[in-house]
Structure formats: C-alpha cells, structure tokens
Amino acid sequence: MKNINNKILKIFILFLAICSVKSDTCPTDSNWRPTPASSNSPVSPALPTTSLASDIVYGGNDLYYMAYWSMTDPNNLQPVSDVESEFSIALPAWAPDYFLIVAKQSAPALKANTNYQFSFDFKLGQVLTQGITYSNMTLSFYKPGDIDYLLWSYRAPMYSFTFTGDFSSTTYKSKTITFSVPVDLGLSTLILQVNRSRAMDYDDTTIFYKNMKITVPSKPVVAPPNLITKDSELINIPKASVSLDPQDLSTCPYLASDLVHWHNPSTWSNNLVPQPNENITIPAGKRVLISPCSISQTAIYQRIVIPATSELIFADSNLTMNVKDILVQGKFIMGTTKCRYNANINIIFHGSKTKVDTIAPFYGSKGIAVSAGGFISVHGKQYHNSWTKLASTVWSGDRIIYVQDNINWEVGQQVLITTSQFKDEIDNQNEVLTIKSILGKAIEFTTPIKFYHYGGKEYQAEVALLSRRIIFQGNDESDQDSFGGHVLVSGEGQFAGIQLKKMGQRNVKARYPLHFHLANVVQKSYISDCVVTKSYYRCYTIHGTNNLTLTRNVAFDVNGHCYYLEDGVEMDNTLSYNLAAFVHTIGEPAAGGAQTGETYYENENLTQPADSAAGGFYITNAYNTIIGNSASGGWAGFSFPNLEKPIGNHKNVEMEPQAFTTKVFEGNTAHSSGYQWISGSSIYVGGKLITDEVTGLLVYNTGRHSRPTCKDGIFSYDSSTYLWMRFNNTKVYLSNLGLGHWGDRVEVVGLEAYDSMRPASLFGAAWLSNAIVDGTGNILSKSQSYNRQGFQFYDTYVTTILSHITFRNFIQNPTSVYPDDDNVVIIALTFSDLYKPQFISSTINITLENILPAQIIGHKIVPDSGSSRFFNFIDWDGSLVGTHVPTIVGSHEKWWSYDDSKCTYNNDWTIWVCQKGSKSVGNIEFWVPNLIIRGEQNEGDSFVGSVSLFGDGITDVRKTAITRNAGITGITSTGWMLWLDGGSPTYLQVWAAQVAYQQYIFLAIPYPPGTTFTISTENKWAWQNAYGFNCTLASSAAEVRSSNGTKYYFDQTHLFVKIVNPVLTGSPAESFNRGGAKIDDVYWEYIYHINATNPNVSPNQDGFYTNLSYTLPSSTL
C-alpha cells in the first residue's frame, strides 16, 4: 500500500512539474508571444576541391536473366542479401553455354577515355563437374532498343570488354577490371555475358554474385569554363522577377494586440481548453493564436471549425499539428504576403478512405476546406528561384552541379534534377538529391548523381527545390489507398512557400492537393512558390474560378493531370513560371490509331477519363495567360482538350470552351513526352471531352477533333471572326511530335525544337515561323535509332506555311529503307489515294545547317497513292531547294515538268523542281456519273485514266494516273488533257476547287467527230448564280486559251475549255498569307457542267463515247 501511495505521489509531483513548465513556457498573458523562428539558413560547408569516387551498385532487384533455348526465366535470378547486393542465379540442367545478366535501368553515362572500374565478388554454389568451367565474362553496353533482339539476331554493342578470372571457387573471389569507352555513351544498357566452356549437362547448378558495381573515378572539382547564361539561342523564355517578395515584419499577424491564446481557458466559453478528441469551434468574434505549446503535437485533432467572424492565427514557431478536418468560414492565417513565416510547421492530415463529408457537406474529408466568404493565408519562407536550369551538363558520378540563376536554397534540402531522357515514364532518370553544401550557383549533394543530365546551349534540365519549411501532408497510411489530405478553397486564398506531399485522393473529384473550387472571380488569391510531391491526384486545380494566379510553383511525381483547369469555364487566370515533372497517367496510357486515338469512359477507377492522357498542364479553356512554364514528362506536357460544352458543375452553362483561342501562351517549354501514342506531342491541342447525355458520365477520346477558334469564343462561319491559336517563343525537346495541333487555325511563332521526331504537327490554317529545328545534339538522344524529320506536310485540305526556319543536323540514317524512314528536313505524307493534296504547303526563308543535299526532302513513291502522285509545295524564294527563285516542287511523275528549260528531276528526293515564274499549283475535281462519284471512297488502284500536259512545246507524254477517287493537282496556266480508259462521258462536272485569280487550266477532252456541247457554270452557293455563265463557241483552241473562260472549242478531236474562277479578285482574303508566302484558298464551289451529244455516235449504256484514240493536242497551243 505504501509503495502504491508513493507512486501516486510521484505522478502528482510530475503533473505539477509539467503544469509549471507549461505555465512558464506558454503564458496566458495577452502580450506574450513565442520567439519567432529565424530566417537564417544553416551554415554550408565549403565546396570540396576533389569529387570522391562513386559507385553504381547492382543488386538482384536491379538485374534480370536472359538465355537461349527458351531458358529465359526471371525467377532464375534472385536477391539473397540487400546489404551486400548479393544475388544468386539458378541454372537448370541443359542450360546453354552462356547467359546474360541485364540491368533493368540505364547504365551510367560514360565519358570517353575515362578509366572506370567494374567489380564484383563471385562464387560457385557447387563444384562443377564434367570439365565445365566458367571460362570468361564480357561486359557490354548496348542500345536499349536492341536488348529484346539479342537472343535472336546480332546486335553490335556500343562497347564490350571480355575478361578472365578465378571463377572456379565455392568461396567468394573478387574481380575488378578497368575499362575505358572510346566515345561518350549517354544512354545504354549494361549486360554481363557469362560464358561457360560448354553447355551444361544434367546437373542443376547455382552461382552467386555480390558487390557488383561500376566505380566512377574521383576527379578535381573545377568549375566548367563556359557555363550557360542564356537558356535559348533564338527565342526568349521569360523568367520570374529576380527579387524576393518585400517583407514588413511589423505587420506580422501574430503581433496583433487583440489576439487571445488557444491555450488560455478564458478563450473558450466553458473556460476549458478543448481536447483533441473533441469537435472544436473557435469562439465567435475571436482571433485565436496557436503557439507550439498551445496544443498536443502528437494527438490527432478531430475537427476544427473557424466561424465567419473568427480567425485562427498561427505563431511563427516550429509546430506539428495532427488533424483530420478543418473548416474555414472565417480566416485561417499562417503568415501573410508581407510576413512570411520562417518556422518549420507541419500539418498532418489523418483519416481513412471514405466518401462521407466529414469536413462539411460537399467538402469531403481529411483536409482543409475554405467556404465562400472564408479566407486562408499560408506563407512560408521564400526560396527563390523555386526552380532553375543546369548551367552545364552533369555526368554519372558527379556530385556538384552548376545552375543558371541565383538561389537561396539550404543545406539539407532536397533538389530535383529532371530527366534528359525521351521516355520519361519508361526509363525514369529524374533524380532527387540532398544538398550537402552550396556556394552561389554551385550545389554539392550528399550522394553522387546517377544519370546524365544535359545542360548544353540547346536546352538544359530543370533543377527544382522540393523542400519548404511549411508542410501540409497526408499521414503515413495515405499510401495504402492513395488517399491523402486535400485543401479546397471556395473563398479567397493566398498560398506561398508551402510543400504539399502525399496529398490528393485518387479518383475522388474535388479532392486535390491545392484546389480553388467554384470560387468564381477571385480578387486577391494566388498560389506562389509552393511544391507538390508524391501526389495521389493532381497538383494545383482551378475549378470554376477566374482571375487566379499560379506562379513559381513546382510539382513532381504526380498522378493524373497536374495543373488542372477543370470544367472549361475557367478564364483570365495566370499560370506563370511553374514546373511540372514526372506526371503519370491513371491506368494504362492512351494510345490507339494515328488519328482516331482511343476512347475512355468515366468509371470508379478513372473518374476523369482524360487522365488516361495525363500531363503537366491541362487547359480546358485556352483563354488564360500561360507564361514561362515548363513541363517535363507526362503523356503530354500541355494539353488543350476540345470541349463543345463545359462539364461537371458547369455542364449547363452556355459556352463553347473549344472556341476560345489562347489569351497568352508565351515562353513555355515541354520535353520528354508525347511518346506513348504515335500522334502524341508535348504540347497537344486535340482530344475531345464530353458528357454523355444518356448516362451523364464523362467520355474522352484522345484523337483528332476540330477546334474552331473564333472571336469571343462564339463559333461562326464568318471568316471575319476567325482567330488563330497563338504559341509564342516555345521550346520542345526530346519529344515525339513537339507541338501537335488538330485545330482549324494556329500560329507558332518563335520555336526551338531539339532531339524530337518532329517539331510540330499542325493542321488547319497553320503558320510556323522564326524557328530552329535541330535533329540531334544530346548524347542520350544520339544513341536512339529515331527517324527524325523537320516537318511533314499533310495530304489534304489544310494550309501550311513554314517561314524563317533554320534546320540543323539531319544526319542520314544508313538503315532507312524509305525516305520517310530517314532523318530528313521535309517529309511527304504519301499513304492514301482518298486524301490527296491540293496546293496546301509553302516555304520561305529557310536555312540549312549541317545537312547533306540528299536529306532535304523525303518523298516515298507509292504507285497506288494520289497523295504520292500529287505531293507538292511552293518554295517562294528557293531557299529550301537551293534555286534561290520562287520554285514549284512536285512529285516523282513527269506530270509536274511543264517546261524542260525550267524543270529538273532530283533523284535523291524523287521529285521535280521547277521555276515558278507566272505559274502556280491548282486543283480540280472531275465528277463523272457511273465512274467518279463525289465523296465516294475507292481503292487506290481503281485507275480509270490519266491527265496529261499538252501545249507549250510539249511533244512527249507527261501524265499522271487518275482513279475513281476524285481530285487532280498540278501546275496551272498549262494544258491538261483528260483521258478516261472507258471513253469520254456524255456529262461531267468540273469543280474549279483551286484555280487562283489570273490562273487557269486549259482543259482538253477527246470526243468523236460531230459531237456538240452545252457548257455552263454554276456558282453553287451564290445568290442567283452570281458569276455563272453559259459558254459560247469560239473559232479556235487558241481563242479559248486567250479568253476569260466563257469560250469553248471542238476541233473534231478534242473539246477545249478554259477552267477559271471568275468570282475571284485577287484579294488577300482569297489566300492564306504569312511571312511573305501564300497559299490559295479552295473555293466552295464553282462548277463547270459539260454536256455532250453526238447525232452520229451513240454512247454506251453507261453514257460514255468509246473507241477514241489517245492523242495529245498540238504542242503549239
């Protein structure tokens, strides 16, 4: 009993001591404040003078096994010990005489002529019998794309080294070799080939490895001599202000004299400080200050409500709060614009996955919600710049990097270096490292850098700070269900200098890390220099909110679209100087056909089906200011989906989001994306998102959809309202198709594109100007077997002008079979007979650097393809093809050679090159009953005749085939003779689709003697057939050719008609004009009707005069 009483007494004394300490450290006096945290950074050690040697270690989880004879079994290689990276390889009986140990991840980048070491410990599991020995091993580095073929066909390694050693012991023996590669190896896969003296017999055996590693040698630390100071050669990428936000510590909110302490019982109506397990409501009309000693920093607070007349203000002192829910109807203050906090404040959100709204109705659970009329202000210490770029290239094993911009980062903080690899999601080479020391723009890390990160003059990997002093995070259990915390603001909110990690709730709408939700037009809200890491669902969301600013933020390792404009009504927001990196699709990434894409439907595992194509910036309404942002990775870096109507909460709003053009898109960068779909791009204007009218669920298709951008976002057929989506000063690199635009109108002015399949794929009325397009530079990129082109001209009904562009480094690919497999500047799209090019492409002021003449144009000859036969463009100054005069470029057929003195055939390009002179390129369509039916689709080999040049001194046959698919393109102001194998028709229509002002087609058609004609024209969509006429008989073919198109003539062999379009006046509105080049419009529709009758000769039952002879009209016409 006495012992029990003593224990009680000791507990009581301890309780009094605790109370006394709390009273001393957390007074209730209204003037008392805890000491504010210091803004001082930890002292940095000096940078070293020597970079230590570093090891890249390979354990069992980093490797897999390959062998011949269908003996490849991943289970053959198993980890034994993580401590020493020990692994075993079980070799079954009858195993082949060698096998391969293959690294799962890319090898370190290796510098030429540097001595590296490869080492390991090796032992046998059993003594080998029957004279079998491990004779030698070969260390090799292969192109990653070759690995899958090694067992079936020869692939030359990029480097290999065979060595011998003691491989016969059942106890570990160490082996070290020194090797040096003759050329830089940026991207490769390490393979160790283990060779036996002969194949195994009937015994199962085991071998063991441990401590396998590549050692990068030590080296002196010397600052590179030519650090990058300008991140682009041609364009201007704007940057955030170099200065820190101004501070006035006299305004700090914790200094206000009317504050009451949370820990003071008198603050509360019942004179009791609330306990964590209670639902806590801040007293009405009070401004309550939380200090570290005010609350338990380990217990979990259930729910805190801040009423409309109340405020909850945090002291600037180190604090941890564990909480489930916070509802802000009044004000939540943790620093302000002029008083950024320096404390380490950690808010940890707790709660299991649920659909119950525990914060408040519609606000979900496990987070902070700010209702309409509420206000939240969270401001941590400003670290600036929040992200920058490398100032020099970083190699595997380096520990020090140099960056371009001034930074005030601190020792112990974490830093991201983004990938310099194309396929970001497949081969993750993003690296997160910890700062060991820092001096100016030089940063030393605690561990060596594993991968190569490019920092050349063309482009540079981004370097971002991932640490902040204020952290909002989900609890450790959040990983189990991808159900983290979330911050939702329906009022006004100001966030700066905070980190949000393990936030967002996967596939739960409106539960994102940081989210402005139906806040309408905000007046003083922003998100600045924050960072989101390891997000389960998005990063920063703007939903039903206008006039919000997101600037200088970072996001890394994010599931689903990251910077996310949700419903399509979000306008007049500003996204500036933000970085998104390593963004993941939800589920398998979207793929599908080249233009059709794939369709996804809303379901519980994909509540926003567009997340199948998740990217860094998702812009459902383009009318926003988007400046100086960068997107690394993702399905696309920037996505502009097409929405005919808003979705979600705004599905009944009368608006067409897709009709809005870009308000400002200036100085943005995207890389390492677009590769997951054949038509994918790093900046993607395409895809379609709708609400199914029957089910009410979202449906997303990734593919080609029109985007009719017009004034004020109001769709119209009136061309005076047309607006072009404009992309200024844009950079893409390590991309598939760079900037992809399926829409109706686009201008890309100021573009740098490097190491990409193509810089852009532009549809509609498109202008690409003031650009550098560089085929290859980064050694990671050089090691890939990509077939790159400077631009591919489309095959029908678009208009594309390329002006003021420098193309560089398109190096011949010796393995290419066809021109369009090669690295060439201009590539033709030649696969179809249904889709044939009119005059739709032009170039002007083109510069070529380090490009052989053979690599300038690639045109694949496809006999059954009209898009091959009619490929053409006009080089308005001859700068691309080297003629230095306006030049018509036409396909391989002599049909394009209108004059021997002005046309030459280029065998490398398989095209004709002709001086333009007064000629142009035009297009007409013949519509013939029972033969060529408008809109009908037929096979490419459905040949029905030909069209041939005549007159102007032409005596030989210069023709091209025509098929049952309508459409012929050729050089205008020349003679064209139509020949149909089945005879000439009693009736046909000729649509003068593209016969420009002052141009014509002198048409000849053979008919039997005695044929008479009635010929008229129809301006189909004009009032009372304006400009239509009836043709009259001329006295000669020459008179027809010199006429205004109202004459025809029949010489008893050929009918002659001059095809013109009298509607045209030469107005600039009749063509697409940009950069000094033009493309004539297609006119819908001016049609010639030709009726033929013959009293002496009867047509066949299909209406054709047969038994005609193929004879060209006179060459003197």
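A Cβ is built for glycine as well, from the same backbone N, Cα and C atoms used for every other residue.
Under the heading domain 'G8', Swiss-Prot lists 266-392.
Mapped onto three states, the DSSP output places ASN136 (N-linked glycosylation site) in strand. Positions annotated as N-linked glycosylation site by Swiss-Prot: ASN136 (among others).
If you draw a 10 Å sphere around the CB of ASN195 (N-linked glycosylation site), it holds 16 other CB atoms from the protein chains shown. Residues annotated as N-linked glycosylation site in Swiss-Prot, with sequence analysis given as evidence: ASN195 (among others).
The annotation N-linked glycosylation site is assigned in Swiss-Prot to ASN279 (among others) on the grounds of sequence analysis. If you draw a 10 Å sphere around the CB of ASN279 (N-linked glycosylation site), it holds 11 other CB atoms from the protein chains shown.
Neighbour list (ASN318 (N-linked glycosylation site), Cβ cut-off 8 Å, at least 6 residues apart, same chain): ALA37, PRO292, ALA343, ASN344, ILE345. Residues annotated as N-linked glycosylation site in Swiss-Prot: ASN318 (among others).
According to DSSP, ASN547 (N-linked glycosylation site) sits in a coil region rather than a helix or strand. Counting every protein chain shown, the number of other Cβ atoms lying within 10 Å of the Cβ of ASN547 (N-linked glycosylation site) is 16. If you look up Swiss-Prot, you'll see ASN547 (among others) marked as N-linked glycosylation site, on the strength of sequence analysis.
For ASN605 (N-linked glycosylation site), the count of additional Cβ atoms within 10 Å of its Cβ stands at 9 [all protein chains shown]. Swiss-Prot lists ASN605 (among others) with the feature N-linked glycosylation site.
Here Swiss-Prot flags ASN728 (among others) as N-linked glycosylation site, drawing on sequence analysis. Under the DSSP three-state reduction, ASN728 (N-linked glycosylation site) is assigned to strand.
According to its DSSP assignment, ASN845 (N-linked glycosylation site) is in a strand. Marked as N-linked glycosylation site by Swiss-Prot: ASN845 (among others).
Neighbour density for ASN1030 (N-linked glycosylation site): within 10 A of its CB lie 10 other CB atoms from the protein chains shown. Reduced to three states, the DSSP call for ASN1030 (N-linked glycosylation site) is strand. Per Swiss-Prot, the feature N-linked glycosylation site maps to ASN1030 (among others).
Taken from Swiss-Prot, the feature N-linked glycosylation site applies to ASN1044 (among others), supported by sequence analysis. Taken residue by residue with DSSP, ASN1044 (N-linked glycosylation site) is part of neither helix nor strand, so it is coil. Cβ-based neighbour count (10 Å, all protein chains) for ASN1044 (N-linked glycosylation site) stands at 10.
Among the features that Swiss-Prot reports, N-linked glycosylation site is placed at ASN1091 (among others). Under 8 Å, Cβ to Cβ, and six or more positions away along its own chain, ASN1091 (N-linked glycosylation site) finds THR986, TYR987, PHE1013, THR1014, ILE1015.
Sequence annotations record features per position, and here Swiss-Prot assigns N-linked glycosylation site to ASN1107 (among others). Classification of ASN1107 (N-linked glycosylation site) by DSSP places it in coil, neither helical nor stranded. For ASN1107 (N-linked glycosylation site), the count of additional Cβ atoms within 10 Å of its Cβ stands at 8 [all protein chains shown].
The average per-residue pLDDT of the prediction over the repeat 'PbH1 1' (522-544) is 99, rounded to a whole number. The feature repeat 'PbH1 1' is assigned by Swiss-Prot to 522-544.
According to Swiss-Prot, the feature repeat 'PbH1 2' maps to 545-567. When Cβ-Cβ distances below 8 Å are used as the criterion, the repeat 'PbH1 2' (545-567) is approached by residues 240, 384-387, 416, 430, 432, 464-466, 482, 504, 506, 512, 516-523, 525-539, 573-586, 608, 610-611, 614-621, 624, 629, 634, 639, 646-651 of the same chain, each at least six residues removed from its ends.
Residues annotated as repeat 'PbH1 3' in Swiss-Prot: 621-642. According to DSSP, the secondary structure content of the repeat 'PbH1 3' (621-642) in residues is 0 helix, 13 strand, 9 coil.
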Using DSSP three-state counts, the residues of the domain 'G8' (266-392) come to 5 helix, 52 strand, 70 coil
Where among the glycosylation sites ASN136, ASN728 do you find the Cβ with the fewest other Cβ atoms within 10 Å?
-> ASN136
Just give me the nearest neighbour of ASN605 (N-linked glycosylation site) among the glycosylation sites ASN136, ASN547, ASN728, ASN1030, ASN1044, Cα to Cα.
-> ASN547
Determine the Cβ neighbour count for ASN845 (N-linked glycosylation site): the number of other Cβ atoms within 10 Å of its Cβ.
-> 19
Going by Cα-Cα distance, pick out whichever of the glycosylation sites ASN136, ASN547, ASN845, ASN1030, ASN1044 is nearest to ASN279 (N-linked glycosylation site).
-> ASN547
Using Cα coordinates, what distance in whole Å links ASN195 (N-linked glycosylation site) and ASN136 (N-linked glycosylation site)?
-> 5
Could you measure between ASN136 (N-linked glycosylation site) and ASN728 (N-linked glycosylation site) for me? Cα positions, answer in whole angstrom.
-> 58
Could you round the CA separation between ASN845 (N-linked glycosylation site) and ASN547 (N-linked glycosylation site) to a whole angstrom and send it over?
-> 41
Using DSSP reduced to three states, classify ASN605 (N-linked glycosylation site) as helix, strand or coil.
-> coil
Cα of ASN1107 (N-linked glycosylation site) to Cα of ASN1044 (N-linked glycosylation site), in Å and rounded, measures 33
